[in-house]
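Visitor: This is the structure I have questions about; it appears just below.
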Amino acid sequence: MHKASSSSFLGPDGLDLSNSFFTPIDGGASASSTKRNTKITVVGVGNVGMAIAQTIITQDLADELTLVDANSNKLRGEVLDLQHAAAFLPRVKINASLDYAATADSDLCIVTAGARQNPGETRLNLLQRNVALFKHIVPPLAKYSPDSIILVVSNPVDVLTYIAWKLSGFPANRVLGSGTNLDSSRFRFLIANHLDVNAQDVQAYIVGEHGDSSVALWSSISVGGVPVLSFLERQQIPYEKQTLENIHKEVVQGAYEVIRLKGYTSWAIGYSVASLARSLLRNQRRIHPVSVLAKGFYGIKGGEVFLSLPAQLGRRGVLGVTNVHLTDEEAEKLRNSAKTILDVQSQLGI
C-alpha cells in the first residue's frame, strides 16, 4: 500500500506548486523545508484508535500523525476521511502505512491494536494471542523511534504494558499504559453527580488493575480542596460504606455497560488518551493514574508488575509516582490487585 499523506504535488506530471505559489522573503523558510515539531503514531485504526486520532487532531497536539494497521482498505479509508476534513481542523500532516518505517522519529507511539475475543475463548488464550501480536508491533516501533515514549491502550492494558516494556528494551519511564485514567474520570463524574458539582473540581483516583480488582482511594477524595470523608465525619454526617462500594462498582461496570449499549467504547478513551498525550509531549507535569512499573511502591512485591498509580507525566515520560496516603485497607487491596496481575503473567510463562 502506498503511503497516503498531504502533498503539494498536483497534476499528472507531479507539478510542485509549493515553491511557485508564494513569493519568498529574505530569511523565510520554504514550506517544504519547515521542520515538524511533534510526531505521534497510532497503531490500530479500530474504534478506539480512530477516536484517539481524531481527538489528537482536533486538540492540535501533533504536527504529524501516522496511522498503522494491517487492514489496508480500512487504513486508507480512515486517513482519507480525516484528510477531507482538513479545512475544519488544525493543520496536521496525516500519514497511513502498513510499513512501520513510516513511524520513524515519533515522539509518542500509541498502541491500540489487539485481538478480539472469539466465542468461548478463554481470557488467557486471548491474552496469549495479544502477546504474539505485540511481538510484531513493539520491536519495530522501538527500532524506528528509539527515543519515543510508548503508550499502551490495548487490553488487558497492565499485562500488555509489561510485555511492551520487555519487548521494547526501553527504560520503564518511557513505557506506560492508559491504565485507570479513564476509570478515574468515570469515578469523578459519579462523585460530581452525587454532590452536584463540576467533575473538574473533584480529585479522586482509581488505582491498581484496569479491571475488577481496581481500588478506589476514598480516603484521598477531595472536592474544591475539601477532603470528603473527613468532612463528613467532622460534621457528623452519616454515610454507608455500601454506598461507596456501589459507586466503585458503577465505575468497574461502566465500560461493560457502554459496550452492551453501543457495541464498543470510543469517545471517552479518546479524550483520556489525548489528555495523557498533552501531559507527556507538552511537559505539563500533571498527575494521572496510569499503568507504570509498580514494584517497590506501596509495599508491592513479588515481581515486576505494571498497574496504575498516580504518576507525574512529562516530556521524559513517567517522572515520578505520587506519595498519596493510603489507608491500611486500601494498601492491602492494591497489593492484592498487583498479585492478580502477577498471577496472570505467571500463566503466560513470561
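Each position is counted from 1, following the chain as shown.
Heads up, the Cβ atoms here are built off N, Cα and C, so glycines get one too.
The active site, proton acceptor annotation in TrEMBL covers His210. Feature annotation from TrEMBL assigns NAD(+) binding site to Gly44, Val45, Gly46, Asn47, Val48, Gly49, Asp69, Asn130, Val153, Ser154, Asn155. Marked as domain 'Lactate/malate dehydrogenase N-terminal' by TrEMBL: 38-177. As annotated by TrEMBL, domain 'Lactate/malate dehydrogenase C-terminal' applies to 180-342.
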Visitor: Is it possible to get the count of other C-beta atoms within 10 angstroms of the C-beta of Gly46 (NAD(+) binding site)?
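Guide: Taking every protein chain into account, the count is 18.
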Visitor: Among the binding-site residues Val48, Val153, which residue has the largest number of other Cβ atoms within 10 Å of its own Cβ?
Guide: Val153
Visitor: What count of other C-beta atoms do you get within 10 angstroms of the C-beta of Asp69 (NAD(+) binding site), across all chains shown?
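Guide: Asp69 (NAD(+) binding site): 24 neighbouring Cβ atoms within 10 Å.
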Visitor: Quick one: of the binding-site residues Gly46, Asp69, Asn155, which has its CA closest to the CA of the residue listed as 'active site, proton acceptor'?
Guide: Asn155
Visitor: Would you mind splitting the domain 'Lactate/malate dehydrogenase N-terminal' (38-177) into helix, strand and coil residue counts from DSSP?
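Guide: The domain 'Lactate/malate dehydrogenase N-terminal' (38-177) comes out at 68 helix, 26 strand, 46 coil.
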Visitor: If I take every residue in the domain 'Lactate/malate dehydrogenase N-terminal' (38-177) and average their pLDDT values, what number comes out?
Guide: 94
Visitor: Counting every protein chain present, what is the number of Cβ atoms, excluding its own, within 10 Å of the Cβ of Asn155 (NAD(+) binding site)?
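Guide: A count of 20.
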